[in-house]
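Notes follow once the structure below has been shown.
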Amino acid sequence: MSRRLYVFLVCLRLYFALSPSYIHPDEHFQGPEIITGEIFHWPSHRTWEFTSAHPIRSLFPLWLVYAPSLTVLKWLCDGAGYPVSPMLVLYGLRVVMFLLSFILQDWALHELLPDQRERATALLLVASSYVTWTFQMHTFSNSIETIVVLWCLVLMRRMMLDEEHTQVSLCIALAFLGVLGVFNRITFPAFLLLPAIQLVPHLVKKPLRIGILLFTATLMTVLAVAMDSEYYTGSHLRLRQIFTTAVVTPWNNLAYNLDSANLAQHGIHPVWQHFVANLPQLIGPALPLLVVSSRKGTLFWAGLTGIALLSRFRHQEPRFLLPAVPLLLASIKWPTRYARLWMCAWVLFNALAAIVFGRYHQAGVVPVQSWVAQHHHNVSHVFWWKTYSPPRWLLGERNELVTTTDLMGMSRERMFEQLAATITCQPDGPHEQTWLVAPLTSLSLDSDTHTELLASGRTLNLKTLYTYRRHVGLDDLDWGEDGAWGTLQRVVGRRGLSVYEVYENC
């Protein structure tokens with residue numbers, strides 16, 4: 001791969017990192033929503049994962065991955081005498097994710113693939129994958145998991161290549177990453193099962209390595225449990241109470257996901273979902289090459305085994321397979337037949353997916369929430385309808401002043417009933433306003449003002465305040481009712497997200 005092409009693909013990665021797309025709520029509510037509250041003391045909206053009797057999310061990886069850069073940003077803004085902007089924090093976190101991918105992910109592939117031709121092919125495929133441009137640039141725990149898996153493989157390979165020395169630093173680093181990976185996502189060990197089995201004989205030859213690994217892992221586990229226990233209980237963890245007050249989030253997470261009743265709340269999928277539906281969504285034309293043109297080495301089997309083990313959990317989403325993407329793409333051999341045709345298919349697949357997930361998918365939520373934060377004066381309540389849940393942390397300190405209600409995908413009639421229940425007749429002059437944020441596909445008005453007559457006889461008025469056009473909600477597809485062409489006309493032709501003032505005249 002030429003340097004110019006690689007630099008272009010890296011620039012493309014940065015471009016999508018700085019685009020305000022919104023792939024899944026977890027990229028906000030499992031990371032930035034929590035850590036920004038800890039660093040900047042902004043009001044946080046903690047989801048059930050953090051508020052249940054047995055919380056399943058750890059603060060340990062958030063502090064290690066995001067807190068250093070956010071702390072530096074806070075120091076710089078405080079030193080310059082400027083308040084910290086939530087949008088600046090968003091872009092700062094995206095840059096962090098870009099650097100982790102560009103430096104650590106690509107570096108790991110360099111080490112894992114010593115053959116120059118294999119390395120060039122792997123870097124080209126990974127760097128040109130829309131998964132790298134979009135998912136890996138967002139603050140998903142899966143994105144962190146990908147980096148940790150790759151570097152655990154690097155450290156394991158280094159240890160297997162050097163059987164003469166104990167390699168204390170490698171043992172400490174591997175144990176540290178192992179604990180970080182488990183507290184970040186409990187699925188993390190699935191991608192390291194086979195490499196770990198391969199490492200066992202090399203550990204047996206140097207028993208001191210086992211002791212260092214166990215000691216470091218124990219120490220880091222105690223530190224992580226102490227950090228989580230203090231966050232969730234509000235008090236320091238004491239050794240004499242460790243079995244009664246300790247909060248072990250990975251254990252809680254595992255227990256939760258082993259209960260099929262819990263998973264049913266999020267959606268139950270067939271065991272073949274990952275292989276038949278999710279993996280093709282992520283790697284597209286590369287999937288056939290895994291069968292007919294790939295190296296069946298450690299990376300290949302690590303990725304395949306990870307997917308097979310994750311398939312045992314009945315709730316399956318494409319982003320759960322992010323660590324497998326670089327492992328499988330790095331195993332592919334360049335096709336010898338129909339190479340140009342395959343390359344065209346690869347470029348087209350990733351370009352289309354990147355445009356959808358990197359530029360348009362729920363891309364109005366972040367800019368609109370930022371606009372609300374800047375124009376919140378006199379507004380007391382903002383309702384969001386038929387969008388992904390709005391990240392409250394993007395309001396910053398104003399989150400205390402504005403009530404945000406997520407109406408999710410309820411019917412139009414119920415939505416207006418909810419609005420009517422909170423709106424009272426307002427006289428002319430300054431008053432507290434109620435706003436509605438809704439996609440144009442679901443609430444397209446003929447003019448900037450609209451009157452809605454409710455079943456109760458009340459009349460609500462809607463006035464358009466702001467519209468962000470680059471917004472498409474793929475959850476709003478209805479092929480059965482609208483047909484293919486009608487659905488595309490509605491979702492793409494009437495794309496956009498608008499803010500409406502809702503009021504009732506006296």
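Just so it is clear, glycine is given a Cβ too, placed from its N, Cα and C backbone atoms.
Taken from TrEMBL, the feature signal peptide covers 1-25.
What TrEMBL lists as transmembrane segment is 88-110 (among others).
The feature transmembrane segment is assigned by TrEMBL to 130-156 (among others). Outside the transmembrane segment (130-156), and at least 6 residues removed from its termini, the chain residues within Cβ reach (under 8 Å) are 12-13, 16-17, 21, 23-24, 26-28, 30-32, 61, 65-66, 93-94, 97-98, 100-101, 104-105, 108-109, 111-112, 170, 173-174, 177-178, 180-181, 184-185, 187-188, 191-192, 195-196, 198-199, 282-283, 298-299, 302, 319-320, 322-323, 325-327, 349-351, 353-354, 357-358.
Within the chain carrying the transmembrane segment (168-188), a Cβ under 8 angstroms from the stretch's Cβ atoms is held by residues 58, 60-61, 64, 141-142, 144-145, 148-149, 151-152, 155-156, 158-159, 209, 212-217, 220-221, 224, 249-250, 253-254, 257, 306, 309-310, 313, 320, 323, all 6 or more beyond its ends. Annotated transmembrane segment per TrEMBL: 168-188 (among others), in sequence order.
Look at TrEMBL and you will find 208-227 (among others) tagged as transmembrane segment.
Beyond its flanks by at least six residues, the transmembrane segment (341-360) meets 16, 19, 21, 23, 125, 128-130, 133-135, 284-286, 289, 335, 470-472, 474, 495 of its own chain at Cβ-Cβ distances under 8 Å. Annotated transmembrane segment per TrEMBL: 341-360 (among others), in sequence order.
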